[in-house]
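These notes are about the structure you will find just below.
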Amino acid sequence: MSATRGGPDQGPSQPQQRRIIRTQTAGNLGESFDSEVVPSSLVEIAPILRVANEVESSNPRVAYLCRFYAFEKAHRLDPTSSGRGVRQFKTALLQRLEREHDPTLMGRVKKSDAREMQSFYQHYYKKYIQALHNAADKADRAQLTKAYQTANVLFEVLKAVNLTQSIEVDREILEAQDKVAEKTQLYVPYNILPLDPDSANQAIMRYPEIQAAVLALRNTRGLPWPEGHKKKKDEDMLDWLQEMFGFQKDNVANQREHLILLLANVHIRQFPKPDQQPKLDDQALTEVMKKLFKNYKKWCKYLGRKSSLWLPTIQQEMQQRKLLYMALYLLIWGEAANLRFMPECLCYIYHHMAFELYGMLAGNVSPMTGENVKPAYGGEEDAFLRKVVTPIYEVIQMEAQRSKKGKSKHSQWRNYDDLNEYFWSVDCFRLGWPMRADADFFCLPVAVPNTEKDGDNSKPIVARDRWVGKVNFVEIRSFWHVFRSFDRMWSFYILCLQAMIIMAWDGGQPSSVFGADVFKKVLSVFITAAIMKLGQAVLDVILNFKAHQSMTLHVKLRYILKVFSAAAWVIILPVTYAYSWKDPPAFARTIKSWFGSAMHSPSLFIIAVVSYLSPNMLAGVMFLFPLLRRFLERSNYRIVMLMMWWSQPRLYVGRGMHESAFSLFKYTMFWVLLIATKLAFSYYIEIRPLVAPTQAIMKARVTNFQWHEFFPRAKNNIGVVIALWAPIILVYFMDSQIWYAIFSTLFGGIYGAFRRLGEIRTLGMLRSRFESLPGAFNDRLIPDGKNQQKKKGIRATLSHNFTEDKVPVNKEKEAARFAQLWNTIISSFREEDLISDREMDLLLVPYWADRDLDLIQWPPFLLASKIPIALDMAKDSNGKDRELKKRIESDTYMKCAVRECYASFKNIIKFVVQGNREKEVIEIIFAEVDKHIDTGDLIQEYKMSALPSLYDHFVKLIKYLLDNKEEDRDHVVILFQDMLEVVTRDIMMEDYNISSLVDSSHGGTWHGGMIPLEQQYQLFASSGAIRFPIEPVTEAWKEKIKRIYLLLTTKESAMDVPSNLEARRRISFFSNSLFMDMPMAPKVRNMLSFSVLTPYYTEEVLFSLRDLETPNEDGVSILFYLQKIFPDEWNNFLERVKCLSEEELKESDELEEELRLWASYRGQTLTRTVRGMMYYRKALELQAFLDMAMHEDLMEGYKAVELNSENNSRGERSLWAQCQAVADMKFTYVVSCQQYGIHKRSGDPRAQDILRLMTRYPSLRVAYIDEVEEPVKDKSKKGNQKVYYSVLVKVPKSTDHSTLAQNLDQVIYRIRLPGPAILGEGKPENQNHAIIFSRGEGLQTIDMNQDNYMEEALKMRNLLQEFLTKHDGVRHPSILGLREHIFTGSVSSLAWFMSNQETSFVTIGQRLLANPLRVRFHYGHPDVFDRLFHLTRGGVSKASKVINLSEDIFAGFNSTLREGNVTHHEYIQVGKGRDVGLNQISMFEAKIANGNGEQTLSRDIYRLGHRFDFFRMMSCYFTTVGFYFSTLITVLTVYIFLYGRLYLVLSGLEQGLSTQKGIRDNTPLQIALASQSFVQIGFLMALPMLMEIGLERGFRTALSEFVLMQLQLAPVFFTFSLGTKTHYYGRTLLHGGAKYRSTGRGFVVFHAKFADNYRLYSRSHFVKGLEMMLLLVVYQIFGSAYRGVLAYLLITISMWFMVGTWLFAPFLFNPSGFEWQKIVDDWTDWNKWINNIGGIGVPAEKSWESWWEEEQEHLRYSGKRGIVVEILLALRFFIYQYGLVYHLTITEKTKNFLVYGVSWLVIFLILFVMKTVSVGRRRFSASFQLMFRLIKGLIFMTFIAIIVILITLAHMTIQDIIVCILAFMPTGWGMLLIAQACKPVVHRAGFWGSVRTLARGYEIVMGLLLFTPVAFLAWFPFVSEFQTRMLFNQAFSRGLQISRILGGHRKDRSSRNKE
């Protein structure tokens, strides 16, 4: 067992593994692990080293010989040590052998090594193999497998030793070895099903459904085996397919198990009670087949080909044929590697291979050869991988290389989608079968450097003209995609805007539209529509041009016709419009004058409009009749196709996505209401009030300009009009997002309330409804035997009353089940340390139902303190029975407590008392009392004031019973006598009957004189009178005594049990969820099976002790932090492991391990995730037990079964084994640890931690990509090649810990890949390589930062039933959405904002998206996929580099486009971690914004935008990319407004028009900007948040939290994140450069350095903030219009707020951001950074230069369009200079253009001077120091002189100097931006150095501007205090000493370190 023990020194310093090998460190981790640290080219010797480690303890010499043999074999495998790491490995091994040779020789028993080996082999064979075989049923298969493998290796070594010593091997040994060899073939490590003949008695193999599937697959009758085939035992169809098509052996084994489990699970659902005759049901077969081939059949139909699934007519053969077809598909899928992302490519391969299969079975003869049909690629080993998969894979790989890690333009390489969509056209059949190597699919443009391939097997590169190019769609970086994808929405908004402006212009009342003229004018919207149609058609052609090579003729024709028809309408409509007027307006008059103006025909225009709209009529009809639309879209009739061809191009996906009529009605109503509100608001508040001021401004004349006006005679003041209207129009396009937030909050809230969310919010509410909880448990979590559909809804849940006290027979079962489930949940709380031992006792229900108590036993926390209160009431009751009874019965729980205590009192007394006389006395006393209870005069008859005294005695008795010690016997006897006395004397008041009975029992003293001692008889005193101490003590008895003790002694109320907030939240959510609508639970055996898949790269697995204890720069270690944040959980942990302090923990290895686990369960670690997911299995085992247990077992309880199974009956027939087998059938958990192989070989501690997890959870499976060096197969070449495998490993369950077994992983499957799996984004491919090892019908994708809870796992089988119901009446769900609970919001206010924002999105947001809007996609992680649906449609994520950056949402897009259906369920939740520091949050937001930028360009969004109906398209827009685009518009609005104001102020127009209302008091503009501010401060986030908190925790809480958030500066956070989103979204659309940003998963309470913040936010926030500040300052100086207006003040404040936030939020939210010492350190650090010289290899963190070059890298890949846009945007910085030079005192008199020219001269002069200085510095500063100083002095003097002259002669003022700075600074910045954009040109001109110097100057100024205010504030200590309070208010309110965490505890540490 040494493999699982790791000492404290075994921390992160693991990579020094080599040293561990060389030095002998017996029993250390390194020792047993050295068999794992083997170079990849020597993989074959690992088993030998494993055996050596295993036998070392029993025979060191044999271990030595094994190692020696391993060394020899290593030398044979790689004689020249050419493999990586081989030489070092051999050296280390040799050194070890030299060291061990002599000591082991001394210890040798036999004369020679050969004899020693033989004797050991025989000993091993007898001790292990024979002994295990004789153990019959109890043989542990894992141990047998291992024993056979070990014996095999030992024999191999033995043979080698005998050969060296030329000794014959004994006959006996050879015979034994023959048996071993035969068995080793059979006993291979298996995954779930052991399919070898000897395992037929394993529990899982005895299930009839499994047997049926196995038998069905073994039906190989009539299959034509190839010649020379050796028949094996138990051959099945998959073996035949392997022989014929050349699949890999492990792939066949993997898919065999997959298919058997799939069929068995579906079979058992068809027949809930299967007959014992195992025969596979045809219906089950058909169901699986239908799901598996639905996509394939659809593909065949789409391409007009007959499918290859030909079924025979004979019934017997039918089943065989179906199974063959399914097995073939799964085998292709299982080996397809990256081709799995291309579902239609797999269809193509399958189509041909299935046809070959049919040909072989039908005995067809090939027309070419005249022989029977054979597969085109033959059946030799690995033929399928080499000849089918690899060629296609190589194309994917080459294309991925051409993407240059995503830096190339999307249009220059084909991504997975392009390659897959090649198979959407009939042309794909030109590929042929066998595939032609010269087909266009395999062609690549212009030579690709073939570095990675070996010369021979690379394809000849074909010239570019054959390259297929992009298919169907080109992702081009452009904002136009937003308009193109959602053109209907933009058209609608623009037309509405036009109509509203016309109406407002002509009268203003909406009713005026009915006036003839206005109506005619409004009709002009159709002309606009035609123009937009033309724009759309042209845009389509331009953006799709790069895909023209792959387009068919009719698609090209459609594009061209669309342009021509749109152009025609653009001519026809205006002309007919002009002729509809008698007296036409200006624009129409012009047209009329061209064509002759005589005619007048109004009807012509109407006819034209109707014709123009006719195609839209079709769309309208299709919208109203969704079924018709579905039929038309799927139809293959020519006429229909022609009709549809015009309205939308024919595509394989995106057809038939309609919803049911009711769903359609719901989301249509939502949007109709929303749009109506929005338009009314826009019209009445923004547009109409602005019309009159606009008309006035257009009439006004301005002659007095304050700058050089280029167009002084321009009419209508058009510039002013644009400046006024632009912000309003932008807000008009954006404010739908605000309305969406409002409406979604309302509807989401109402919907949530109807779903019964938040009915149980607090523990008080739970207490009040606890009586109905057992009913709910049994109703929801226990399958209903009758299998009927239960009624749903509120009445159903409430009608289930479970409050009777008596327990009828079937209620007894219900109570037992409730107890099992409830106690499991409570125990899991205890294991997680959420509650203490006492709290657990108070919360548990008795496991062992006490049958003598005829009532329900509630958990003690409900009954606590009831008995002492009842006693007081009885004591003071004064003989009034009825009154007391009424008072007790008014409290149900008190009634239960009193009855239970009395009953238990009776039972315990009767159980303990054994003597006959004593029994008699007691029976009579109880009979008397019971009689009085029945007649109801107990209190009248008896004296109750003595009751407390009896109570005290009884409590003492219970205490003695709890301790159960022999020495207390005498005390117990006296106690009984005391109790008897109290009862008879004080309570019954000398009742004559009783007294006489007691006296007679004592054997009184009637004849005088003394009786001898031995004859004296005292009650209870004789030896057999009472049973004490109790022997044997059962668990049930212990539990009973403990419970009664709690009931009697708990004085205080248990209102605050459990006290832990997390435990409370979980209990209340779980209880509440049981009252919500959820499907009925099926039996575990009949439920849908499912898998969980977690991709893992290199994150934390388990914190090492060193990680936990190493303090950060503030002296805070993770452990200290966790102890302070979770103080109660830490104390509970110490209590659980029975330690008093941290020091005690470190004394034992086992406790140390516990400590590491405790900390890891509170971080975002893989350990936490695995524990959470393994609750599913625990839950299934428990539920299987409840399903299968007989009445007796059920009453004994699950705990008893578990205990029994551990003690004795490990038999495969035991109930426990059956429960485990069912759990195995239904649940698999695969963690895809991409790097596990590499970690293992390098001795990385993470590999050991993962191994620990597998040991802890034997059913956990780990998949990884193994990179192995193998010698090249081709003999002509030397050297090694890298080969990649997909590997699945497990650690076998080891039952007997005493054996030599070490816990090492076993390889189950090892499937070779065509090459490296990671070609795209990484995570999707990591999921994809492991998905073949998943099982079942559901697949839950879980990220490694998630968590799960025991109580939620119990609801999983209910959730999976959702797959069987049609949610919208049209289709079954393909993805079930789950809600998440964000568990990282506990400490800082930022984490709290983030978790609130995230929580509201995953609850109220997604609830609304799923229903009514029907546009929920897949947003990451806990969603459950319909596995068969997705594995045949491209998997659970998309993987193309960059475009699929947020890979998960594309799974949702894909699902929806392929007619899936995504739902959302709120009765079950999964935990999730989020980032907690501002920098991590910003990185996360940047990643999401980048992802949205890429989505905007993607084909999926384009298709959804075009294929959804109008309203669903609106939902799709506003919930995906629209949210980000609206954010962008929000920021743009501010810019446009400020630049508009700048134009008005500097040109003098504002002054000239200052009397105009439009300038002075512009309400619409104020409202528009107010709505912008709403978005800015996070209104869109806060509303749903408020509603959700209100729903789930009460509206008072919501309101107080809202106020708190404002106080903690939430608006600052939201305004700041607005900037992040805008910057990264905009930059991605323009330039690309989106990359996966790894965000933190750690604990963030550390201070971020100023330089870090500067690097992160400089471009996204600081530059923009300073630009806006500049605009505001200029406006403050020169603007005059309406300073006094309040609304204006508020708007200005809002803008200044944005500026302040963007500049200072990072410092505000930075822990210790205002601490003086930190500020000083930051300044030094920043100075060092800004002045460091960059260069190759200098990272951005070290030098400003490197960072600056990196920061503009995106411009290099941006393409011409991006550069042009960048330059145009930079031109805005020249406006300042142009405007401001005319506002100087010197230039007041002249408005000549020369002034502007002179200002440029000044700029160039300044630049020249700067250049001179820098050249001087380079040339002179070293040698001619004096010269250089003179030059500098001269320049300075000249500068001063010029300033003085200007002040004296030209009357220059201080303001002028400031204005000059304001004018010239932006110009310089603009020039810098342009220089950066044109870097290659500037470089060639030799100016790049100067540009860099200028840029550094700007950065220093910016840094100073930011740093100064922060440093100033840091002078005042109270600022730092305030900041800490604001940041960590959550912690303060929980009483945590955050100051200790922040300030660290350095003194404390240092003193400890000294010790």
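Cβ coordinates come from backbone N, Cα and C, glycine included.
Per Swiss-Prot, topological domain 'Cytoplasmic' is recorded for 1-488, 543-558, 626-660, 739-1517, 1588-1597, 1683-1688, 1783-1792, 1921-1955. Sequence annotations record features per position, and here Swiss-Prot assigns transmembrane segment to 489-509, 522-542, 605-625, 661-681, 718-738, 1518-1538, 1567-1587, 1598-1618, 1662-1682, 1762-1782, 1793-1813, 1834-1854 (among others). The topological domain 'Extracellular' annotation in Swiss-Prot covers 510-521, 580-604, 682-717, 1539-1566, 1619-1661, 1710-1761, 1814-1833, 1878-1899, and the record cites sequence analysis as its basis.
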- prompt: Can you name the far-off residues of the same chain, 6+ from the ends of the topological domain 'Cytoplasmic' (543-558), with a Cβ under 8 Å from a Cβ of it?
  reply: 411, 422, 425, 427, 467-474, 476, 478, 480-481, 484, 645-646, 649
- line: Long-range CB partners for the topological domain 'Extracellular' (510-521) (under 8 A, at least six residues beyond its ends), listed in sequence order, are 499, 502-503, 580-581, 585, 683
Tally of residues which DSSP labels helix, strand or coil - the topological domain 'Extracellular' (1878-1899): 19 helix, 0 strand, 3 coil
Query: Looking at 522-542, 661-681, 1567-1587, 1598-1618, 1793-1813, which one has the highest count of Cβ pairs under 8 angstroms to the transmembrane segment (718-738)?
result: 1567-1587
Message: Return the average pLDDT for the topological domain 'Cytoplasmic' (739-1517) as a whole number.
response: 86
- line: Grouping DSSP H, G, I as helix and E, B as strand, the residues of the topological domain 'Extracellular' (510-521) number 11 helix, 0 strand, 1 coil
Query: Mind checking which residues reach the topological domain 'Extracellular' (1539-1566)? Cβ under 8 Å, same chain, six or more beyond either end.
result: 685-687, 689-690, 692-694, 696-697, 700, 702-707, 709, 717, 719-720, 722-724, 726-728, 1671, 1674-1675, 1678-1682, 1685, 1687-1688, 1691, 1772, 1775-1776, 1778-1780, 1782-1783
Message: Within the same chain, where does the transmembrane segment (661-681) have neighbours whose Cβ lies under 8 angstroms from its own Cβ atoms, ignoring anything closer than 6 residues to its ends? I mean 6 or more beyond.
response: 496, 500, 623, 626, 735-736, 739-740, 743, 747, 1368-1369, 1411-1414, 1509, 1511-1512, 1514-1515
Message: Give me the DSSP three-state residue breakdown of the topological domain 'Extracellular' (1539-1566), ordered helix, strand, coil.
response: 21 helix, 0 strand, 7 coil
- line: Sequence-distant residues near the topological domain 'Extracellular' (1878-1899) by C-beta distance (under 8 Å, 6 or more away from its ends) are 1658, 1730, 1744-1745, 1748, 1752, 1755-1756, 1763, 1767, 1807, 1810-1811, 1814, 1868-1869, 1871-1872
Field: Within the topological domain 'Cytoplasmic' (1783-1792), residues counted as helix, strand or coil by DSSP
entry: 1 helix, 0 strand, 9 coil
Message: Under 8 Å between C-beta atoms and at least six residues away from its ends: which parts of the chain pack against the topological domain 'Extracellular' (1814-1833)?
response: 1889-1890, 1893
Statement: Tertiary contacts of the topological domain 'Extracellular' (682-717), defined by C-beta under 8 angstroms and 6+ residue spacing from its ends, are 497, 500-501, 503-505, 508, 510, 724-725, 728, 731-732, 735, 1546-1549, 1551-1553, 1556-1559, 1562-1565, 1567-1568, 1778-1779, 1782-1783, 1791-1793, 1795-1796
- prompt: Under the DSSP assignment, what numbers of helix, strand and coil residues are found in the topological domain 'Extracellular' (682-717)?
  reply: 21 helix, 0 strand, 15 coil
Task: Quickly jot the same-chain residues contacting the topological domain 'Cytoplasmic' (626-660) by Cβ under 8 Å, restricted to those at least six beyond its ends, or write none.
output: 299, 301-302, 304, 344, 421, 424, 472, 554-555, 558, 615, 618-619, 667, 1368-1370, 1414, 1454, 1456-1459, 1503-1504, 1506-1509, 1512
